[in-house]
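Data block below; observations after.
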């Protein structure tokens, strides 16, 4: 078989596909942005935090409680935080089924959050979520019988 | 996709199952798009700029209470976004707060603290104290480590007397008799340092704050338009908006028209042009059917 070069056939290749390594060219011969390793879906992007506040915001409540309970333990003894945590644990058990949001009235009152408005009541309010999971799957997962 | 009617079987694939399960969220700020935004910025796509209140805000304590002053310009980079925005926000009937920095941040922060203070006041049954508002603001801003860019001048009168605080975006506060914040703060502070005296009278104090804000308006690009004042005394709040319209739009300082007689007239001749006016009525009669 004789070799037919691209010049003979008058085929033009887009310039971008000539610069992109072969493993990154997608269906149309150009770089696939969404699948590239350096950009949105690389492994590194999952390791590094998106925003410095993301980590600290997840721990705000836990840290505040820890400081309060340590102080309470030092002042009043071990029994005080134990009693309070027991009450919270019991109040936290009163929940609706997984796909619906629970009001957590008792828990909020014990935490002192019933008279406090924060950004989690204004932005991305969990009482009115955009997506709802499938109730069957969520209950099966909660019961541990998900297949 | 109608996931509500999807019955999971032993052979259902994990993708469908995972997409049907929603994690319960705590709410609050969502950082989903941060990675995408950072990636886009490395590729050279410019993010939209936030509207800031590059500002002059100031406050003083005078004999009977507190006077807060602010200019009224909101900027988006180098464009004036709002020529008459209100920078003195309500916190409580006896406490007001001026805000500099990102306009949305100052607005949301002051509203959040105002709501919390109202709940606190209903719970305790007493009029709120300025130091309570200060403590709430300070703890709120420190939690977000300066990412909420709100620099505030907080002033009010409670049963202990008049108080004036300044709150910085990272959460530090100062309690002072006269303060200024914003891009025009140096101009305003220069005026205060020159002419402030403790226990001034109302009119003298209003003039001093007006002059400080005017110094910021005329010497700083980020501040402009009018001067707003808020006079808080025991039991009474006087929200003067605008106190003075320092820059009127469309009013020119000089006039370039020449007076009659500037140029001497040498000769004058009047010629009347012969004009024949012919009137012809064209068109149809009005159709009234």
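Every residue, even glycine, has its Cβ placed from backbone N, Cα and C.
The shown structure was predicted, so the numbers you read here are calculated from the model rather than taken from an experiment.
If you look up TrEMBL, you'll see B:55 marked as active site, nucleophile. Under the heading domain 'Proteasome beta subunit C-terminal', TrEMBL lists B:246-282.
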Outside the domain 'Proteasome beta subunit C-terminal' (B:246-282), six or more residues from its ends: residues with CB under 8 Å to it: 83, 214, 217-218, 224-227
Helix, strand and coil counts within the domain 'Proteasome beta subunit C-terminal' (B:246-282) (DSSP): 0 helix, 0 strand, 37 coil
Other CB atoms within 10 A, centred on residue B:55 (active site, nucleophile): 34
Within the predicted model, mean pLDDT of the domain 'Proteasome beta subunit C-terminal' (B:246-282): 86
